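J.: For reference, the structure I am asking about is given below.
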Amino acid sequence: MTLSFVTRWRDELPETYTALSPTPLNNARLVWHNTELANTLSIPSSLFKNGAGVWGGEALLPGMSPLAQVYSGHQFGVWAGQLGDGRGILLGEQLLADGTTMDWHLKGAGLTPYSRMGDGRAVLRSTIRESLASEAMHYLGIPTTRALSIVTSDSPVYRETAEPGAMLMRVAPSHLRFGHFEHFYYRRESEKVRQLADFAIRHYWSHLEDDEDKYRLWFSDVVARTASLIAQWQTVGFAHGVMNTDNMSLLGLTLDYGPFGFLDDYEPGFICNHSDHQGRYSFDNQPAVALWNLQRLAQTLSPFVAVDALNEALDSYQQVLLTHYGQRMRQKLGFMTEQKEDNALLNELFSLMARERSDYTRTFRMLSLTEQHSAASPLRDEFIDRAAFDDWFARYRGRLQQDEVSDSERQQLMQSVNPALVLRNWLAQRAIEAAEKGDMMELHRLHEALRNPFSDRDDDYVSRPPDWGKRLEVSCSS
């Protein structure tokens, strides 16, 4: 089957990019590809059998027209000016059978005009982390970019030490970022901001294109998508680590996996990025930061959208987030209805978990085994203060009984939303260390496991992290 590519970005958004081709690596070789995603995108298996090829920037497919996008942004709350694709190149937009498109974005593809002080490269470590994280999030049901392939090489790339240079093929319906809009707003080119908005509506909100109120309705949906995404992050214990405005997806996707982390111990103030000295992007601050970022996006639209309409949309953020978060947390607790004591029960559990540094994922997974008429629970052994747990657990079981639902039905629901497996940093690190020695088996094993996060397992993928795996420091160097 021949793949079809279109050039909408190149044709419709002049002055938002620089056309250029990838710079191949030395002795590049394909070490992993996403068979399931490739099948979904109707990519012929033969493309993965001819060396690095398109996956390593050594060839282009017919119809591809590679370019690097320009955007700007606020980083750690400070205006950073022009940024852009410093090491990534949009190879093309694949036209799918249903008329939608999928960006093929090659990360680590070499220098671009937007590389600033960088070398345009990515390392094997970071490409593995992004591939694992984006696929883990996808199978958890959270909107995200996807990873299609990883290429490694003999080209050394220098970060804290010399590391193998690599490339990641990332795919997404769009790479539109808040930062695209900021770039032209701060250059006082509001007409180009409007062009970006029209492009987004035309291709991703086409049902609004002929509506005279299209900009307000569109921005309201961007707010809602963002609120929903953040609610989902919070419920699975995901910390992004670097929520700069240039890393915010207009479509509400999880974008740009850098120093991310999933909670091990329940620590509301968890900081996964060791460069985040003030804790701006701590786990519990993510909802507030996302709203701040939406406010920056709203500012860029103010030349052609009424400020009252923008503020009305922004005012809806908290309610949308709390609604999604509340629904998801009730499911995690096994509540079939909404009762006034639910928030108190959840907050008391969180307080108990924070005091005891309980494992976030294991606690909710073990809670899924609760029998409403039995005081016995394997979760009890996870707590030192048994009296405090017993007191909470008795009230929790009383709440379950109000719903008049069988244990089996409730447990099935809870186990479908409380994963047994999340991508803990130590699991990623183990796969990385093996891969850097040339052994890709653990990378493939872990990818396979992450496809079934809600299935029970009896291996170390679902155990507490070992001592060496706790508090692994992760930075933006990738």
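Here the Cβ of each residue, glycine as well, is placed from N, Cα and C on the backbone.
If you look up Swiss-Prot, you'll see ASP246 marked as active site, proton acceptor, on the strength of sequence analysis. Residues or ranges marked as ATP binding site by Swiss-Prot: GLY84, GLY86, ARG87, LYS107, ASP119, GLY120, ARG170, ARG177, ASP256. Feature annotation from Swiss-Prot assigns Mg(2+) binding site to ASN247, ASP256; the stated evidence is sequence analysis.
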J.: What is the Cβ neighbour count of the residue listed as 'active site, proton acceptor' at a 10 Å cut-off, with all protein chains included?
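T.: So the Cβ neighbour count for the residue listed as 'active site, proton acceptor' comes to 23.
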J.: When you measure from the Cβ of ASN247 (Mg(2+) binding site), how many other Cβ atoms are you left with inside 10 Å?
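T.: For ASN247 (Mg(2+) binding site), the count of other Cβ atoms within 10 Å is 21.
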J.: How many neighbouring Cβ atoms, not counting its own, are there within 10 Å of the Cβ of ASP256 (ATP binding site)?
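T.: 24, counting other Cβ atoms within 10 Å of ASP256 (ATP binding site).
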J.: Quick check on the binding-site residues: of ARG87, ARG170, whose CB has the lowest count of neighbouring CB atoms inside 10 Å?
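T.: Lowest Cβ count within 10 Å among the binding-site residues (ARG87, ARG170) is ARG87.
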J.: What is the interatomic distance between the Cα atoms of ARG87 (ATP binding site) and ASP246 (active site, proton acceptor), given in whole Å?
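T.: So the alpha carbons of ARG87 (ATP binding site) and ASP246 (active site, proton acceptor) sit roughly 14 Å from each other.
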J.: Do you see any of the binding-site residues GLY84, ASP119, ARG170 whose C-alpha is within 10 Å of the residue listed as 'active site, proton acceptor', and which ones?
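T.: If one measures from the Cα of the residue listed as 'active site, proton acceptor', the binding-site residues that come within 10 Å are GLY84.
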J.: Quick one: pull the CA-CA distance for ARG170 (ATP binding site) versus ASN247 (Mg(2+) binding site), whole Å only.
T.: 14
J.: To the nearest whole angstrom, what is the C-alpha distance linking ASN247 (Mg(2+) binding site) and ASP119 (ATP binding site)?
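T.: Taking the Cα atoms only, ASN247 (Mg(2+) binding site) lies 20 Å from ASP119 (ATP binding site).
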J.: According to DSSP, which of helix, strand or coil covers ASN247 (Mg(2+) binding site)?
T.: helix
J.: Compute all pairwise C-alpha distances among GLY84, GLY86, ARG87, LYS107, ASP119, GLY120, ARG170, ARG177, ASP256, the residues listed as binding ATP, and give the largest one in whole angstrom.
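T.: Comparing all Cα pairs, the maximum is 22 Å.
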J.: Starting from each candidate's C-beta and looking 10 angstroms out, tell me which of the binding-site residues GLY84, ASP119 has the most other C-beta atoms.
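T.: Output for this query is GLY84.
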